[in-house]
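Taken verbatim from TrEMBL:
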COMPBIAS  1-10  compositional bias 'Basic and acidic residues'
DOMAIN    49-104  domain 'Autophagy protein ATG5 alpha-helical bundle region'
DOMAIN    112-199  domain 'Autophagy protein ATG5 UblB'
REGION    1-20  region 'Disordered'
Amino acid sequence: MLPPTNHDRPGSPPLAADPEPGAAPVPWIITLRFASYPHDLLTTLTPTSTHDAFINSIKEADFARNGTAKAVMSLSPSDTRELFASLQDHDYDRFWGVTDKLLNHSGITVKNIPIRVYNPETGQVIQGSVPTRQPGTIRGDAQTLGTALNSLVPIIFPSKRSVVLARPVMHGIVLPLSAPLLELMKEAMYPDGFLHITLAMMSDDNDNSNSFVRLRASEGDIGAELPLEALVEELEWVML
């Protein structure tokens with residue numbers, strides 16, 4: 001998440017003062033507005049624009065996975081409506097009933113995993129399409145989260161197996177670098193078809209109190225040693 005900003009808009013309240021000494025730090029500040037929509041900063045959302053943006057996102061993810069958008073273009077009009085309605089109704093089973101058709105389309109093998117990596121320290125977003133198999137390996141080893149992050153952000157993930165500067169977080173859970181990327185996509189991808197991974201930077205002084213993620217990490221590196229089955233169970237619990 002980007003750091004809070006004020007944008008100096010008319011009527012904008014000043015940002016909160018620094019917390020008192022000894023008080024727990026506030027990770028971000030949220031201002032809720034009911035008027036003066038910032039049309040110069042945000043797109044005006046309507047049911048139609050939201051629907052179109054979602055469909056365009058799943059087309060983009062489908063093309064990134066397969067090199068073609070054939071799977072999503074082959075969905076029937078009723079399947080497309082069902083997919084969007086499942087989001088509106090928060091219906092997990094209906095969503096996957098249609099999404100399985102995208103991931104297991106006849107005659108198409110998933111070649112790449114679409115990923116977006118968010119660095120909250122800089123506000124930078126890194127987007128990539130990572131092959132399901134590690135290029136250059138003799139046996140075509142399966143891509144893991146660690147190998148993917150090493151290829152996308154090698155400065156932050158110089159090691160493919162151990163976290164050094166940051167922990168990868170998805171759905172509020174610290175992920176193990178050993179997680180197979182293809183399985184992670186099938187079990188925990190976001191509704192738009194991407195893996196959205198946020199980086200929880202590791203401070204030099206081991207101060208893990210600055211955010212929920214760092215707090216979870218300090219409680220035993222959640223996910224660091226979990227088998228994929230246990231990780232999936234925790235992800236499903238978080239998404240309920």
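For all residues, glycine too, the Cβ spot is worked out from N, Cα and C.
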Quiz item: Per DSSP, how many helix, strand and coil residues does the domain 'Autophagy protein ATG5 alpha-helical bundle region' (49-104) have?
Solution: 46 helix, 0 strand, 10 coil
Quiz item: Residue counts in helix (H, G, I), strand (E, B) and coil for the domain 'Autophagy protein ATG5 UblB' (112-199), per DSSP?
Solution: 16 helix, 32 strand, 40 coil
